[in-house]
């Protein structure tokens, strides 16, 4: 099918790039090759063209280099696994997928490796160790819970594929908010910038609303950029396709609606931010850092989508050899 055109998306937040971007690019293959996460030449080329180093450098512009390297490797792990969930035979095997996820959660919670563990498990052991050298266990437990939510979303998508279901709009939005993984990458902004927001903020209803809106903004922009590839491959998990299918409108009209939804969400984010008011200077500093991380991810993700070739190619992956 023809490449769907991507109209302008509203984003008032400035582009920023971490000063270590060039060094990170040089480093970017080191970790994934050490753990043999790229199964073949095709996966190698796909990884290089995806430019995850640019996403990390754009989404975490103020991070120190060691934290940036670890975060880049987390992003690499998630995206490589995400391809297995979406493009390999696992995409229609929710039970198998769930078994993998349960084991990954055990690893993240401290379980030791066995002879049956996969390359992905071995990589997670390394990520856990390196992360906990620089982060508190309290923060890491939050991070694990966000990854668990991401895993849940991936399994729900696989269930729909196995049953041949096109989810209704409300169901799709619920699943997408999990499968996009934004809560986990926002938590990494705390890690990269060496702070942890206090519980009084993390549990505040307006902060939760900001997180939800940020999740939607990133989800809908990604759906716009990935629409051509996903629709051509027969994947129904895209807001453009869901609107096209259930509202019986053209794909072009559906794109216009998603762009409109995205832009309205950006305005909503700014409006909610303006309503925030806390009672101590310390809390104001912490929430400002966290909101800055949201802005960096929204802009960084958008810049990366334009720069990366991740969503430009249509291909089917062979299942990674789990040895």
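Keep in mind that glycine also has a Cβ here, set from the backbone N, Cα and C atoms.
Look at Swiss-Prot and you will find 82, 86 tagged as Mg(2+) 2 binding site. The feature Mg(2+) 1 binding site is assigned by Swiss-Prot to 82, 86. Per Swiss-Prot, the feature Mg(2+) 3 binding site maps to 222, 226, 230; the stated evidence is similarity to another entry. If you look up Swiss-Prot, you'll see 82-86 marked as motif 'DDXXD motif'.
Shown on the structure are the features that Swiss-Prot records.
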residue: 82; record: Mg(2+) 2 binding site; DSSP (3 states): helix
residue: 222; record: Mg(2+) 3 binding site; DSSP (3 states): helix
residue: 230; record: Mg(2+) 3 binding site; DSSP (3 states): helix
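Cα of residue 86 (Mg(2+) 2 binding site) to Cα of residue 230 (Mg(2+) 3 binding site): a span of 9 Å. Considering other CB atoms within 10 Å as the measure, the emptiest surroundings among the binding-site residues 82, 86 are those of 82. Averaged over the motif 'DDXXD motif' (82-86), the predicted model has a pLDDT of 93. The two recorded residues residue 82 (Mg(2+) 2 binding site) and residue 230 (Mg(2+) 3 binding site) have their Cα atoms spaced 13 Å from each other. The Cβ of residue 226 (Mg(2+) 3 binding site) has 21 other Cβ atoms within 10 Å, all protein chains considered.
Close to the recorded Mg(2+) 3 site, the chain also has 223, 224, 225, 227, 229, 238, 311: residues not among 222, 226, 230 whose Cβ is within 8 Å of the site's Cβ mean position.
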